[in-house]
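Okay, so here's the structure we're looking at.
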Amino acid sequence: MIKEQISQAILVSGESGAGKTESTKMLMQYLAFMGGRNNNTGERSVEQKVLESNPVLEAFGNAKTVRNNNSSRFGKFVEIQFDGRGRISGAAIRTYLLERSRVCQVSDPERNYHCFYMLCAAPPEDVEKFKVGNPRTFHYLNQSNCFELDVLDDSKEYLETKRAMDIVGINQAEQEAIFRVVAAILHLGNVEFVKGKKTDGAEPKDDKSRLHLKTAADLFMCDEKSLEDSLSKRVIVTRGDRITKSLDPATAAISRDALAKIVYSKLFDWLVQKINISIGQDPESKFLIGVLDIYGFESFKTNSFEQFCINLTNEKLQQHFNQHVFKMEQEEYKKEQIDWSYIEFVDNQDILDLVEKKPGGIIALLDEACMFPRSTHETFAEKLYQTFKDHKRFVKPKLSRTDFTICHYAGDVTYQTELFLEKNKDLVVPEHQALLNASKCSFVSSLFPPLPEETSKSSKFSSIATGFKQQLQSLLETLNATEPHYVRCIKPNNALKPGIFENNNILQQLRCGGVMEAIRISTAGFPSRKLFREFINRFSILAPEVLNGSYNDVAASKRILEKSNLSGYQFLHILHFAIIASAMLFHRLILWLTGLLPLQVGKTKVFLRAGQMAELDARRGAVLGVSAIVIQRKVRAYLSRRHFNLLRLSSIKLQAFCRGQAVRHQYARMRRAAACLNIQKHSRKFLARKAYKNLYFSSVTIQAGIRGMIARDKLLLRKQMRAVTVIQSQCRRFLASHHYLRLKKAAITTQCAWRGKLARRELRNIRMAAKETGALLEANTKLEKQVEELTWELKKMQREKELLMKEGGGTKNIAGQVPIIKEVPVIDNEFMVKLTAENEQLKALVTSLEKKIEETNKLSEERLKQASEAEMKIIELKTAMQRFYPYFMLWLEEKISDMETEDKILRQKALLSAPSRKMSPESSFASSTPLQNGNHAQLNSGPSKRFGREDSRMRRSKIELPQV
Ligand SMILES: Nc1ncnc2c1ncn2[C@@H]1O[C@H](COP(=O)(O)OP(=O)(O)OP(=O)(O)O)[C@@H](O)[C@H]1O
């Protein structure tokens, strides 16, 4: 197909049981394999669907016959569509002439269609649902005694069919409806009619029949009464009137069978249509390969309308074969002006004319007979006898009045005309149509869609034979558009057993199938031909010189043939001249010899005998083989060289890479070793440095510690020495001071005692004088008052002096200046004036003392300020001390401890200085009496001066004390 760019057809023929269907399946599998596409979608491909539709078609279209346990009772043309690249793009199944009569009529030992038995063997729930049971109880099945098949398990097949239905897209509801229809047909067959008691019309025979009628109506989902009426009555429409006519029981039974047949036929057509929809057709397809599996030639004891149609099909196919193999061949020989002798063959055109000529053919007469209501098969047979009495292909059997014999190409077949008229009528009874159209089951009503108005009104008859003839015509048109290939299936024996080869039977089949004729023609004719150009293109390889331009097409073709040395080609030339020489004398001899002529060169083509093309192809193949060997050798050498070079290059690259890799590894190892050394070196250096640093810092720390300790010891010693000195000085000072105070106390006590004695003596003298004079008394009183005041002032001054002495040593000098109040006896005014003057002096002294006190206060404030500044400095030092490193801290701590030590010393000094200050007023008194003790002055000036210096430090320490 791809090479020639032309659609192909494979016509599989042979008698029933020869293996057509099996061969078709194998062909389909092959085509599916070759043209199938990779299907990764998980969806089933077209070819898979085609293959998987077989079980459905076989269940409803196959039945057991005498010749075949699984005989296809319909013709099938599977059209596989291909796209431009030769991939399957779609498919369609066309069926031809299902054997309807089998639904109602089965002869022993055949069976009805498989689906009926499958349904009876279905799982119990389905059997109950569809109200079926033992097949022996159904009239349509029990006409034959064959119910089961050894090779077929009906219950398994039922499930298998349902699975196949699923695959081809028949859903559960549709499946149920299909099996309901099948069951209804079975029940319908069990409805028997008898003559009615009240009317002449037919009515169900008994309750059993009624029950089946009801069950059938239930399964069809239609009204029971309507069903009964549709079977037993007919409505005749006259001009404006509708007359209901009751049918007699026999006609009612025929009506029943007609209903069963039409329902089954419609069901089968629906299945085919559904499968086609599921498979999907490709309107854009470029090529097709059709596989025709059609019933073979049939000749039984009793041959009816079906055999007539089947044999017509075979005649048509034989004619197609003849046309291709003989007629067209010989026409071409003529056109090409080659030497040939006419090949005799049995042309069946006259048989086809006999059957299908219009008007006047058997089918035309049959249709005519069917259209006349009064026609019977006898009248029809009579008409045939009259019309074809002189036809060489038509024979009237001597012993029969209604049969006729047709001399088919495959043999004579005698047909019984009894049921011809009835079977040819493709009339859907309007009552049946109306009944089932009104069914509540949508599936059933869809099988009988409402007819167009005109069709339903007119009782125009439709002929099955004519319809079939048209179908065949259409099929042949399709086949004519393709390149045909014929497959003849031969049945080895009638026993349906392996290993048995019945020679006569096989010979008969070969004759019937036209195989013998075909072989004869093949040997006599030139089955292979090619245009010069194609021939040269194909076979120039056998004589390459023809391509050098010096040969024309004919010469080139002849040269190729010469060189190819085909058997007898040389002989052809000699013979050719011999024939011409012997002219036409020995025609038969020439025919025979021509038959031996190996090949012919025509005007545009080269004609070859059977097998010669194969021989040429074999030679070409041999040359191509040799060339291929040379090419292969060269190519292999080239490939080997390339492979070797590639290997060499690869190995060099590999070696280089490996070496590089090894060196890289070595280099990496070296780098690692160097890095190790480096790391070791650095780590050792680091460790050594760390150890050295540790040692260094430790020694520095120890040194610092030792040095600090020595320094501290020295400092401590120095401090101790200083403290010792201070203590010694203080002790000495204390002892001197103590001695001085005791002396001073003793002197004062002595002075007071003396002065008291003197004053009392004076007082006594004054009192004595006062007594002498009154004036003196008054003066005496005044003087007493003055004495008291002076005493009071003296006490006051003493207190102030004490206070001043407490405040500062500077007052000592002042104290020294204070005059000693002497108890002066009040003698006169001069003395008073003198006292007053002294008083004034004392007042001035007090004023100057107050000034000094103020100055002292100011000084003390300044020192307080200095002390607070020192305190601030200490705080700052402490803060800084916290920041600096520990060694500095240590230094600071040392400093602080030093200061603390100093502070302690100062405090001690301060404590020691306190009695000296207390002693100051007394010292002033002592100074006021410089004459009594020279040591006093020394004591007063030495330590007190030093302590004056120490005093500020001491005070500072007192302020600092709470801070430390
Ligand atoms: N190639 C084969 N190898 C083995 N058995 C085969 C082969 N072909 C056919 N058969 C057997 O023959 C039987 C009939 O074959 P098949 O149904 O293909 O015949 P058929 O020519 O299609 O008959 P019919 O015209 O009645 O349908 C098959 O059921 C099978 O048992």
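Quick reminder: no glycine exception, Cβ is built from N, Cα and C everywhere.
Annotations in TrEMBL come from automatic prediction, not curation.
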Where TrEMBL places coiled coil among the ranges 52-90, 208-246, 442-480, 832-870:
832-870
Taking only the binding-site residues Glu15, Ser16, Gly17, Gly19, Lys20, which have a CB closer than 6 angstroms to any atom that belongs to ligand 1?
Ser16, Gly17, Gly19, Lys20
Which residue, out of the binding-site residues Gly14, Gly17, shows the minimum number of other Cβ atoms inside 10 Å of its Cβ in this structure?
Gly17
Which whole-number mean pLDDT does the model give the domain 'Myosin motor' (1-621)?
83
Sort Lys20 (ATP binding site) into helix, strand or coil using the DSSP assignment.
helix
Test of understanding: give the count of other CB atoms lying within 10 angstroms of the CB of Ser16 (ATP binding site).
20
Cβ within 8 Å of the ATP site's Cβ centroid: which residues qualify beyond Gly14, Glu15, Ser16, Gly17, Ala18, Gly19, Lys20, Thr21?
Arg67, Asn68, Gly296, Cys489, Lys491
Give the helix, strand or coil assignment DSSP yields for Gly14 (ATP binding site).
strand
Please spell out the DSSP helix, strand and coil residue counts for the region 'Actin-binding' (472-494).
9 helix, 7 strand, 7 coil
Minimum Cβ neighbour count within 10 Å among the binding-site residues Glu15, Gly19, Thr21: which residue?
Gly19
